Amino acid sequence: MNLHEYQAKSLFAEYGLPVSEGFACDTAQEAVEAAGRIGGNLWVVKCQVHAGGRGKAGGVKVTGDKEEIRAFAEHWLGKNLVTYQTDEKGQPVAKILVESCTDIANELYLGAVVDRATRRVVFMASTEGGVEIEKVAEETPELIHKAIIDPLTGPQPYQARDLGFKLGLNPTQMKQFTKIFMGLATMFVDHDFALLEINPLVITTEGNLHCLDGKIGIDGNALFRQPKIKAMHDPSQDDAREAHAAMFELNYVALDGNVGCMVNGAGLAMGTMDIVNLHGGKPANFLDVGGGATKERVAEAFKIILSDSNVKAVLVNIFGGIVRCDMIAEGIIGAVKEVGVKVPVVVRLEGTNAELGREVLAKSGLDIIAANSLTDAAEQVVKAAEGK
């Protein structure tokens, strides 16, 4: 689960980190009033979406004119912002963040992730702030400095000083950086973060450190113990099909291909996508119905797959272990009848009651293509998607 910038900054403020005074606004009038409450003669207005690249897409504006703030808010509120990190539809803008403007002397980067290799929280800092850190990692990896947090001892001030020295900070800035580092590390564990970024962490013209932006990703598996964070979830930023799938405990990820995939088990689902690719097809989704699939969930999975207009054929690949193949077959038949499937459906069943499942499908009278193996299923569904 991701947070908006204004939500991230509210958490930063709770831990004593330096952030700009700002207000998240729902209307153009609120945005104008927010500028008045902040004071000064220069403000920054930002569209609030769960995607980077807002500035290049026109979603960030610096202005000293309150009427320009009104015009910006009226233009974006209720519309979708398309950036390099979104699909062609973009993400809806429901709030505008109005902040005081900060005079910048230099831009740094500070972030943290859970590193699967070390099984530790790893902090990363760089002098290359304000740009995509992935680009820095690829082109100049020596400019990224790391600190690994030991879960037994927690974050240590010496780690902050080591990073600060590599960033070229002076003694005053070093103290500020240590406070920021310790606060972020504590926050990361307290709230079960999976990702944290301040890009840029700026040095102001007065020589102070300031958190100019904030990006936070939460470990979805830990939300049960984070009610405050869970309440910050903005469902409008989620893919509609993914959100619908989550209601039925289906693991669904939308992709850009034309072969719909319904599989039980994440590993088998990834293998199915690979073999579809191997035979020249492009998966339209990842969908794992899980080991405890019911007829209702299978039917719902079918509806979700077919709600994607790009899907030209569907591959159902089921290995019956916990779940019975005959039950899956009944779910497929029910969904095909209920939804009125107009695209070819290729089914491969193996495992518990596989023969019975194939028999149920054969007697259904529906136009369902039975596959003898996974390779056969992939070949058949790719041909079907191409209209052959």
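Any Cβ shown, glycine's included, is placed from N, Cα and C.
Small disclaimer: the values here were computed from a predicted structure and weren't measured.
If you look up Swiss-Prot, you'll see 9-244 marked as domain 'ATP-grasp', on the strength of sequence analysis.
Annotation source Swiss-Prot lists ATP binding site at Lys46, Gly53, Arg54, Gly55, Glu99, Thr102, Glu107. If you draw a 10 Å sphere around the CB of Gly53 (ATP binding site), it holds 16 other CB atoms from the protein chains shown. According to DSSP, Gly53 (ATP binding site) sits in a coil region rather than a helix or strand.
DSSP assigns Asp213 (Mg(2+) binding site) to coil in the three-state reduction, placing it in neither a helix nor a strand. Within 10 Å of the C-beta of Asp213 (Mg(2+) binding site) there are 21 other C-beta atoms, taking all protein chains into account. Annotated Mg(2+) binding site per Swiss-Prot: Asn199, Asp213, in sequence order.
Among the features that Swiss-Prot reports, substrate binding site is placed at Asn264, Gly321, Ile322, Val323, with the record citing sequence analysis. Cβ-based neighbour count (10 Å, all protein chains) for Gly321 (substrate binding site) stands at 13.
In terms of local Cβ density within 10 Å, Asn264 ranks first among the binding-site residues Thr102, Asn199, Asn264.
Whole-number maximum of the Cα to Cα distances across the ATP-binding residues Lys46, Gly53, Arg54, Gly55, Glu99, Thr102, Glu107: 19 angstrom. Sequence-distant contacts (6 or more apart, same chain, Cβ under 8 Å) of Arg54 (ATP binding site) comprise Lys46, Cys47, Val60, Leu81, Thr83. Checking Cα-Cα distances from Asn264 (substrate binding site) against the binding-site residues (Gly53, Asn199, Asp213) with a 10 Å cut-off leaves nothing; none qualify. The Cα atom of Thr102 (ATP binding site) lies nearest to that of Asp213, taking the binding-site residues Asn199, Asp213, Gly321, Ile322, Val323 as the candidates.
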